[in-house]
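What follows is a short report on a single structure.
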């Protein structure tokens, strides 16, 4: 690790952040909405469910994509995108044909295979590594428990199983390190409604440390990551992004950070816990619940969130909706509707309604969610923008033009800061407004 500050082009420098290891620091002032830097993906992989609607190469969303002539499972904008993606796609093309229905490596395995291929094709430093090289990634190997090590060994076995014909592997120890690095430093690419599009490696973006009061936000333009200021940043200030969903109270956020990234956050929000009381709001009753009843309900809420996360993989929508409704009923006896655990289950219920195309049901949940979301999340939150966007599109689908108009404009106002005024998503939403 280089401990001295290394100046970089464009008003930013890598430096040794006290107590945090490496970090990124501003050398000049940045205004809200200003682009600090962009970073092309070192490598990226489109999620299987988005094949056919997004280009496997550049992730552009469009109609009429062309199929790969061999496997017929990858889709591209044109010959250029296909040629550019071939060094990566060839790892999977023949294997998908050979394995047929049995071809099912996880996205992490697919991404890691691409990293190995990229390192072989392009061993020198890339345009994605101006500040931080992939080989410098933290792995936190010493902090992995047996369960995490076992999951990594499963991934290594899958890598050998699905990719053995087209790759040379480093030894097992090196693969353990690489998978641990990917787990801590990989990014998920999402669209404007926060639907999952794929996974990618953005080395320079991974240099930024975490805060629950971030001063920048990361968005994506295809496979390009862009980092914009959501607060004014002064020269000498460290640049912080958020690694996690910021809806939840301090204890939950830090549980998540410890589990995934092996540290506890000491930002202002985690120290002062100013938002926790609102986030855990209790229903005002003549006979208020005891502290023990509240503790028990929080425990129940955390369990039901985990139960639902698992159930999503195998239960039908009707049963998933039932889990949401029953848990909301039970929690509602103690929690206010604006309590984050209530909001979590409402959001899941809204997702089920959208899936089964129950637009009215989805709208009812969304209307309950949006105000508390705006309060609990920081300014210019993608979660708030995507909720306004979903609401706007639902209103439009249900012929409520004035409400749709208003909601879509609220989404645009946030996105112009977070995504930049010229982002294709914003042009698409403006077109939706004109077309209705």
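Residue numbering: from 1, along the chain as shown.
Backbone N, Cα and C atoms are what each Cβ position is placed from, and that goes for glycine too.
As annotated by Swiss-Prot, S-adenosyl-L-methionine binding site applies to 20, 21, 22, 140, 209, 210, 261, 262, 263. Contacts of residue 261 (S-adenosyl-L-methionine binding site) defined by a Cβ separation under 8 A and a same-chain sequence distance of 6+ are given as 140, 184, 210, 243, in order along the sequence.
Mapped onto three states, the DSSP output places residue 81 (Zn(2+) 1 binding site) in helix. Other C-beta atoms found within 10 angstroms of the C-beta of residue 81 (Zn(2+) 1 binding site) number 20, with every protein chain shown included. The feature Zn(2+) 1 binding site is assigned by Swiss-Prot to 55, 58, 77, 81.
Taken from Swiss-Prot, the feature Zn(2+) 2 binding site applies to 68, 71, 89, 93. Reduced to three states, the DSSP call for residue 89 (Zn(2+) 2 binding site) is helix. Take the CB of residue 89 (Zn(2+) 2 binding site) and look out to 10 A: across all protein chains shown you find 22 other CB atoms.
Over the domain 'SET' (10-244) the predicted model carries a mean pLDDT of 96. Annotation comment: Swiss-Prot describes 10-244 as domain 'SET', evidence class sequence analysis.
Per Swiss-Prot, the feature zinc finger maps to 55-93.
For residue 58 (Zn(2+) 1 binding site), the number of other Cβ atoms no farther than 10 Å from its own Cβ, over all displayed protein chains, is 20. The list of residues near the zinc finger (55-93) in space but at least 6 beyond its ends in sequence, with Cβ under 8 angstroms from a Cβ of it, reads 43-46, 103, 110, 113-114, 117-118, 121, 162-163, 166-167, 189, 191, 197-198, 220, 222-223. Binding of S-adenosyl-L-methionine is attributed in the record to 20, 21, 22, 140, 209, 210, 261, 262, 263, and the widest Cα separation among these residues amounts to 16 Å. The most densely surrounded of the binding-site residues 20, 22 is 22 (count of other Cβ atoms within 10 A of its Cβ). In the three-state DSSP classification, residue 68 (Zn(2+) 2 binding site) falls within coil. In this structure, the CA atom of residue 93 (Zn(2+) 2 binding site) is 15 Å away from the CA atom of residue 55 (Zn(2+) 1 binding site).
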